[in-house]
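These notes are about the structure you will find just below.
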Amino acid sequence: MKAPAGTSFLSSLLSSSPLLLAMFYQSAVIGVNALGIWNLYLLKREHRSFQKATLPPPFKDAISQEEFEQGASYGRDSTAFKLVDDAFDLLMSNAELFYKLPAKLYKLTSKLFNVALGSFSHSYLFSVCSDACSTLVKLPFSYYDTFVVQQKHGYNRITKRDFFLDALKYFLLRAAFLHPAQTYLIQFVVRRFGRSFPFAFFACTSCLLFLFAHVYPTLIMPLFNKFTPLNQDTLLYAKIQQLASKVHYPLQSVLIMDGSRRSSHGNAFLYGFGSNKRIVLFDTLLEQMEGKEDCIVSVLCHELGHWYYGHVTWMLVPTLFQLCGICFGARTVIFDPNMYGEFGFDDQNPLVGLDLFAQVFLNPICTLTGYLLCYVCRHFEFQADTFAVENDFGEELRHALVLVSKESKKILNPDPLYSALSHTHPPIVERIAAIDAQMLKRTKQAT
């Protein structure tokens, strides 16, 4: 693919300077290792926090010291595993860069399947083979996490058969839908629009994101879990309907998902567009709060707070800005033949160019923006808690948070730096303190 006229100043500069090209490659190596080591440092801090954890005062009446120690033990085991997992990922990333493994796989795919270098078939098969290699390499780690770490602490409920079937289903779905769509889209828009491709690519990708948001809960999730309607004659259903009417949420149905098939962790979420909205409750959440309908409704009131304040829509804004940056930033790499050669590729393939841009620039940028998004998400969580308090579910939500943290063995006092940069939810202790402050404020206003 020949670079069109009007190549950017940065591309021209890189093409004419071997030193700058070498710096570009070195920046990839430095960036990968800097991010990897930084993440390992944060994880190590979190791991240490479990060694010196003490039971916070708000939980002393609800959680025994033995239960707290069990939670700390789970935290130590899970973070220790993640340290090994992340260290392995860092080693693999370095191996890919130093030995230029993606380029070797790219050439091998063309020879193995006897397809023209850079063609749609070749690009698609390269994507699928890359995915297959990544899946096979990471599968033992996922297996260990599920059947050793999670099983040891009583969270795993998935059978080995379902574990491997899930991995196969996800891979086949990606091979059948994600990879062909991604390959066709990037190759078509680049070859059709040239250097103006970012506009078309951004528009098409945005549409696909919105389509996926609709398709995933309605078509893909039922392939992995069973959804059954909540009995409309129950007290819980009546309370949910009452809350939905109060906040003007256009509820169509309440579904129970068999989350217990895979894990004992409880959860709840909302989905749907326009007036066709649904509430999904994990059966594990119903088990944890059996006979405590008001606690369950308080959790849903928190989720409805996210809907009421448009948090999902607000989170789409940085996502679209990030996507826009990817589209325009990738243009610098995609049209530079020397850049491909620096990473071991012999031809200009837009799909490869996009991957190179993501590797060198996108991952560091996403890490930094992710820290900012964590801060925003935390603000949204406090706002959703306040919404529950304002709808008279403060005490119930407080109790529900204690129950959830007890059952899920969440750390109650995480490392502040790790939590601030990695957790989208504030620590339970901070949320309870904020709920107490809001309830006290309402009491004073009432008097």
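Glycine residues also receive a Cβ, built from the backbone N, Cα and C atoms like all the rest.
Bear in mind that TrEMBL entries carry predicted annotations, made automatically and left uncurated.
As annotated by TrEMBL, active site applies to E303. Under the three-state DSSP scheme, E303 (active site) falls in the helix class. In the shown protein chains, 19 other C-beta atoms lie within 10 A of the C-beta of E303 (active site).
Around D385 (active site, proton donor), taking its Cβ as the centre, 25 other Cβ atoms fall within 10 Å, counting all chains. D385 (active site, proton donor) carries a helical DSSP state (H, G or I). For D385, the entry in TrEMBL reads active site, proton donor.
What TrEMBL records for 48-226 is domain 'CAAX prenyl protease 1 N-terminal'.
The feature domain 'Peptidase M48' is assigned by TrEMBL to 235-437.
Same-chain residues lying 6+ beyond the ends of the transmembrane segment (20-42) with a Cβ under 8 Å from its Cβ atoms: 13-14, 83, 86-87, 89-90, 93-94, 97-98, 338-339, 342-343, 359-360, 363-364, 367, 415, 417-418, 421-422. Marked as transmembrane segment by TrEMBL: 20-42 (among others).
Residues or ranges marked as transmembrane segment in TrEMBL: 196-216 (among others).
It is 9 Å from the Cα atom of E303 (active site) to that of D385 (active site, proton donor).
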